[in-house]
Amino acid sequence: MTTDSGANTSDGGDNQNSKRGDILIVDDQIENIQFLSTMLMDNGYEVRQVLSGKQALKVVDYDPPELILLDIMMPEIDGYEVCRQLKSNSRTCQIPIIFLSAKQQLSEKIKGFKVGGVDYITKPFVVAEVICRLETHLKIYRYQNLLNQEIVARKKVEQQLLIANQKLEQIANIDGLTGVYNRRYFNDLLSKEWYRLCREKQPLSMIMVDIDCFKEYNDTYGHLQGDEVLKAIASTLKSSLQRSSDFVARYGGEEFVILLPNTDLQGSITICENISLKIMELAIPHRGSSASNSITISMGVHCLIPSAKINPYTLIDKSDDALYLAKKEGRNCFRYSVDLE
């Protein structure tokens, strides 16, 4: 009676109306299987039996149990080898395996633990001991499964949060209309590149871009068509940059800025020439322009070597001065200045 009482004790979290566990018994001795099966079924467990290691490997691979009672001494494949193979399979490696054996030597028990067994029960079996050990390892196995599920769920949530944060960051940094960076992000990146190039004593160039007679374009063709022009110009500017370190941003209205780290004046001029050709190839009609019969841009370029003694926004001011000069001299051109001392 004491044995029965102990065997039927269940954790408060278990569902009393469901099976207490799905157990696979592996033993080549019929009498052992019958004894263990009767004992376990009397205590509410679902039991499956196989008579060899080969059968065990097939059954477990097809339909894994929650726990395996595994005899050591079997023909063809002994219990140790069965355990090794199960533990090397990602689908079955977490299943707890309790070894059953008449051998009581410490070396045999150590060997069982080394190949992956969680426990070792010696024959003859004591019902209360078998049930108690089995129940303990079932609980550990189930708690581990719950923990693994929580880890997977947490990782999924973390991935979703990462994606959401990336989208929020993109929204915060990208101009909604043109898809290039916005002014806020440009200012942040300018500061970072400025202080990096201060240390490296390398040149930093900037191109300030303005769409010629854009107000007149909006007045003539409408603001919706004007938005399409902004998108086309932004895309053209972006496609003109070859390096991942170069970037373009919408600075405001019809103005864009291009930042070119580690680029000297000649490199900046080459980029301006390339941009001018691409804008010309767009051939967007603009009958209200005083510079051309199609959309054109003016550009101001400045190149310097950043210094801790100079404010980063000096680069913006100098580029804007060069842009003003380009507009003053008829638009649809670029002008430049340099300060490499």
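Backbone N, Cα and C atoms are what each Cβ position is placed from, and that goes for glycine too.
Features as listed in TrEMBL:
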COMPBIAS  1-16  compositional bias 'Polar residues'
DOMAIN    22-138  domain 'Response regulatory'
DOMAIN    202-339  domain 'GGDEF'
MOD_RES   ASP71  4-aspartylphosphate
REGION    1-20  region 'Disordered'
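If you take the C-beta of ASP71 (4-aspartylphosphate) and look for same-chain residues 6 or more apart in sequence within under 8 angstroms, you find VAL26, ASP27, ASP28, GLN29, ASN32, GLY79, PHE99, LEU100, SER101. When DSSP labels each residue, the domain 'GGDEF' (202-339) comes out as 59 helix, 37 strand, 42 coil, counted as helix, strand and coil in that order. Under the DSSP three-state reduction, the residue listed as '4-aspartylphosphate' is assigned to strand.
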